[in-house]
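> Could you have a look at this structure, given as structure tokens, before my questions?
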Amino acid sequence: MVYNIVLVGSTNVGKSTLFNQLVGKNIAIVNDAMHFTRNRKCGIISFQEFNITIFDTAGIDVCKNISILYNRILEQTFFAIQEADLIFLVLDVKKGVFEEGKILIQMLRKFSKRIFLILNKIDQVSKNQYQYHEYYSLGIKNIFLISSLTAYGIPQLKKYIKRWYMKFVLIQKSNTNDITDKVIKDISVAIIGRPNVGKSTLFNKLLQKNRSVVYDEPGTTRDSVIDSIVLDQIKYTIVDTAGIKKKNYHSIQSLPILKTFQSIVNVDICIIILDSYDGFTKNDMWILNIIIQSGKKILILMNKSEKLSILKRKKLKKDLLYKYKFINFFDIHFISALYNQGIRKIFFLISQLYNKCNNALRSRQLTEIMYQALQKYPPKMVKGKQIKLQYAHPGGYNPLTIVIHGSRLLYISKDYKRYLECFFQNHLNISGQKIKIIFKNKHNPYI
């Protein structure tokens with residue numbers, strides 16, 4: 001049974017720091033900038049017997065003039081509250097019982113959820129500076145004094161979470177049948193691209209809900225957002241990442257970029273999303289090269305293609321493949337995330353790509369292909385002696401690696417290595433991932 005806790009509060013009260021403390025990982029980016037957190041961030045509080053899902057949300061500013069962007073950020077917070085079973089209202093104890101806190105409590109009571117009051121930054125005040133009894137006037141029974149920065153009070157809070165869960169949740173679980181579809185496969189996917197190409201719109205369409213804030217302004221997504229969907233017994237865990245550019249970043253931007261790079265390393269497949277009207281920009285090529293170097297499986301999506309005819313799409317694809325020869329190994333799919341065109345097929349392409357690149361390879365099969373390559377185009381002799389390739393075997397799948405054994409392999413040129421990579425790629429019918437070849441040289445002076 002899934003049980004959800006949501007962290008709610010005004011800006012800069014320490015919600016993201018508390019989130020990281022409870023989860024035990026630095027998942028949420030912590031920054032002093034106002035409204036730095038925009039999307040709800042999901043994490044797991046792990047106990048020996050069970051797990052509880054917790055959401056970090058954007059700060060609520062009751063005095064703020066409502067802009068279109070802030071309204072969409074607020075939507076994500078309200079979605080998280082609606083899905084939650086328990087609300088942690090986080091207040092800055094330095095401010096005392098202030099009008100904004102009272103307004104927040106009145107607003108949260110309309111959701112008819114259980115509320116815990118979390119008084120944070122207790123390490124920054126003396127006992128004479130706050131009146132603990134004043135907070136009981138707010139009408140909330142469960143009040144906790146903590147410091148999310150120093151972890152003071154966190155173990156006690158986690159113990160209470162566990163005790164509360166055991167008391168109220170396990171009783172309900174014993175009276176209900178929790179029926180779920182059997183998941184036979186779990187595929188993780190990251191959506192990567194430069195700012196404002198439609199990553200968050202695609203993320204929402206794939207999940208079939210408004211999970212990430214969408215706004216026509218570069219840099220709207222500041223932190224990676226993770227959610228999942230189960231289709232045909234396959235669980236797709238999808239990561240919406242911050243847009244990246246090849247340039248120097250100031251402090252607020254550099255942290256999201258690091259999170260994006262971490263997402264590339266951690267997932268099975270990277271979707272690089274491009275603007276159909278811009279084609280491949282220098283920034284796109286830089287991003288693609290980073291993903292290729294990571295050895296990940298790649299799917300290229302050309303977004304905003306709703307106004308392109310079939311003939312224009314074919315011509316654009318042909319021009320791209322001619323100009324950038326190395327992308328011939330990757331599938332290119334045209335979509336419109338905004339108008340929901342080509343979205344359903346993405347799951348099929350992801351599953352197909354995952355299966356192709358994870359099929360078991362046999363040493364005999366690889367050795368036969370290697371000898372076919374040698375027969376068609378043998379390596380050049382070095383100092384009157386022949387380079388000998390003897391046998392090949394699999395070396396791993398992430399990235400897809402082939403190990404070739406032989407003698408004098410140190411003399412193989414880059415061109416011949418590229419020839420072998422392409423030969424294996426074509427004969428194994430592998431698209432979406434560059435094959436990596438490792439040469440193991442025999443140290444025998446007589447051969």
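Heads up, the Cβ atoms here are built off N, Cα and C, so glycines get one too.
Given the structure is predicted, the values throughout are model-derived calculations rather than measurements.
Just lifted these from TrEMBL, have a look:
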type	residues	note
DOMAIN	5-121	domain 'G'
BINDING	9-16, 56-60, 120-123	GTP 1 binding site
DOMAIN	189-304	domain 'G'
BINDING	Gly193, Arg194, Pro195, Asn196, Val197, Gly198, Lys199, Ser200, Asp240, Thr241, Ala242, Gly243, Ile244	GTP 2 binding site
DOMAIN	363-440	domain 'GTPase Der C-terminal KH-domain-like'
> Going by Cα-Cα distance, pick out whichever of the binding-site residues Gly193, Lys199, Asp240 is nearest to Lys15 (GTP 1 binding site).
Asp240
> With helix taken as DSSP H, G or I, strand as E or B and everything else coil, how many residues of the domain 'GTPase Der C-terminal KH-domain-like' (363-440) land in each class?
31 helix, 25 strand, 22 coil
> When you rank Asn12, Thr57, Ile60, Ile122 by Cα distance to Lys199 (GTP 2 binding site), which of the binding-site residues ends up on top as the closest?
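Among Asn12, Thr57, Ile60, Ile122, Thr57.
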> Please spell out the DSSP helix, strand and coil residue counts for the domain 'G' (189-304).
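Counts, helix then strand then coil: 38 helix, 32 strand, 46 coil.
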> Thr57 (GTP 1 binding site) to Ile244 (GTP 2 binding site): how many Å between their Cα atoms?
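Ile244 (GTP 2 binding site) has its Cα 23 Å from the Cα of Thr57 (GTP 1 binding site).
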> Out of the binding-site residues Gly9, Ile60, Ile122, give me the one sitting nearest to Ile244 (GTP 2 binding site) by CA distance.
Ile60
> Within 10 Å of each Cβ, count the other Cβ atoms and name the one among the binding-site residues Gly193, Pro195 with the highest count.
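Going through Gly193, Pro195 one by one, the largest Cβ count within 10 Å is at Gly193.
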> Would you count the other C-beta atoms found within 10 angstroms of the C-beta of Thr57 (GTP 1 binding site) for me?
27
> Rounded to an integer, what is the Cα-Cα distance in Å between Ile60 (GTP 1 binding site) and Ala242 (GTP 2 binding site)?
22
> Have a look around Lys15 (GTP 1 binding site) and count the other CB atoms within 10 A of its CB, chains all included.
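A 10 Å sphere around the Cβ of Lys15 (GTP 1 binding site) contains 29 other Cβ atoms.
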> Rounded to the nearest angstrom, how far is the Cα of Asn12 (GTP 1 binding site) from the Cα of Gly193 (GTP 2 binding site)?
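Approximately 29 Å lies between the Cα of Gly193 (GTP 2 binding site) and that of Asn12 (GTP 1 binding site).
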> Could you state the whole-number distance in Å separating the C-alpha atoms of Ile122 (GTP 1 binding site) and Asp240 (GTP 2 binding site)?
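The Cα atom of Ile122 (GTP 1 binding site) is 34 Å away from the Cα atom of Asp240 (GTP 2 binding site).
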> Taking every residue in the domain 'G' (189-304), what is their average pLDDT?
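81, rounded to a whole number.
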